[in-house]
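A.B. asks: First the structure, which I've put down as structure tokens, then a few questions once you've had a look.
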Amino acid sequence: MHRTDAQREGKRVGDHVSENTKPSKLSRSFSQAEAKEKPGSDLPRRGEEEEEEEEEKPVRVEPNPRMQRYLVAVEYIGTRFSGSQKQPNCRTVVGTLEEAFCKFVGQPVSIYCSSRTDAGVHALSNVCHVDVERISKRKPGEVLPPHEPGVVRRAVNHFLQIEGDIMVTDVRCIPSDFHARYKAVERIYFYRLLSGPEPLSTFERERAWHVPEKLDVDAMKNACKILVGHHDFSSFRAAGCQANSPIRTLDELHVTEVASFLNFSSTSERRGIVCDEPAWCSNMLESESSTQCSHVSSTSIGKCSANSDIGFGMRTGHRCYVITARARSFLYHQVRLLVGVLKCAGTGELTFNDVERILNAKTVTAASPMAPACGLYLGNVKYELP
């Protein structure tokens, strides 16, 4: 069955368009709203933590019975992506997903993300929606019942496996008016910092921000108390942000020390020797502590030792900290600017009063340098699913 461009456009956004009629005013209005998210528009690129708290579109769109809208959760390593949004001549998350879906269903699709991520930013779970019309490959033009979500996940992952750094983790059927971006009620970002003088392991590069200085976690936690809550975050809003207001409610901002990414058992752990520190302490170096494990495994990476000589071929580890930011929406680069200030609070470059001054200054020029993209992870996007 041959379809006009108007028909294909209508099906991308869930409109029902007949062969001999033009889209209604309501349909055109909705299409223009969706077009703001499409690549190639005149809008400047927006970044990862820039989920503007826009009101839900009041336009009522007639569902297209031939289309099934799916909510798709995807994880990816952002290092080799030029961000999530589709761009000409660039490898992007949306572009890669659209190619995989096209190979699966045999026709182009349009994918809309809940959260836009910049180049180098990772996602444990980003969410998008896509409209799919299942056409029979044996009888072109015959519309078949929609695929089951499990079939969609397995099929798309089949075409994504060659990529090696992106995978669909979950799929769900949703109503045709459910929008992955505007229906999100909460987003969680994580930021990883590795503290220690040694260079980062090859396994950790582009996965965290390496801070050579020792970090004062208590000072960072005190700084979090200033920043959490309902504020004017103009000081944490990068130039080019298109949000209508800098007012946001930051529901959570927290710093936690966690086990490093690579965590292998030490000799003392395997022998059942009890240490005063947690088991994962064996992956970190803290020379000032007198309660370090005294043995280093020959198969371990980055084990701690109170001695400067830990054995040939062995590496001292780093202390790993995770900053969690949770809110319904964020301004452009808000999380990375917040992390930049928290890091400076941890190194002693900023005091408690300095952090308060930066928040009240209401200008991004007052903030500390922005944290790099490599340590940022979109952790989760929450919905009230039907």
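Cβ coordinates come from backbone N, Cα and C, glycine included.
Since we're looking at a predicted model, the values are computed, not measured.
What TrEMBL records for 1-19, 34-48 is compositional bias 'Basic and acidic residues'. Annotation source TrEMBL lists compositional bias 'Polar residues' at 20-32. Annotated domain 'Pseudouridine synthase I TruA alpha/beta' per TrEMBL: 73-182, 223-384, in sequence order. The region 'Disordered' annotation in TrEMBL covers 1-62.
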A.B. asks: Could you tell me the mean pLDDT the prediction assigns to the domain 'Pseudouridine synthase I TruA alpha/beta' (223-384)?
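C.D. replies: Mean pLDDT, the domain 'Pseudouridine synthase I TruA alpha/beta' (223-384): 81.
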A.B. asks: Could you break down the residues of the domain 'Pseudouridine synthase I TruA alpha/beta' (73-182) into DSSP helix, strand and coil, giving a count for each?
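C.D. replies: Counting residues by DSSP class gives 28 helix, 29 strand, 53 coil.
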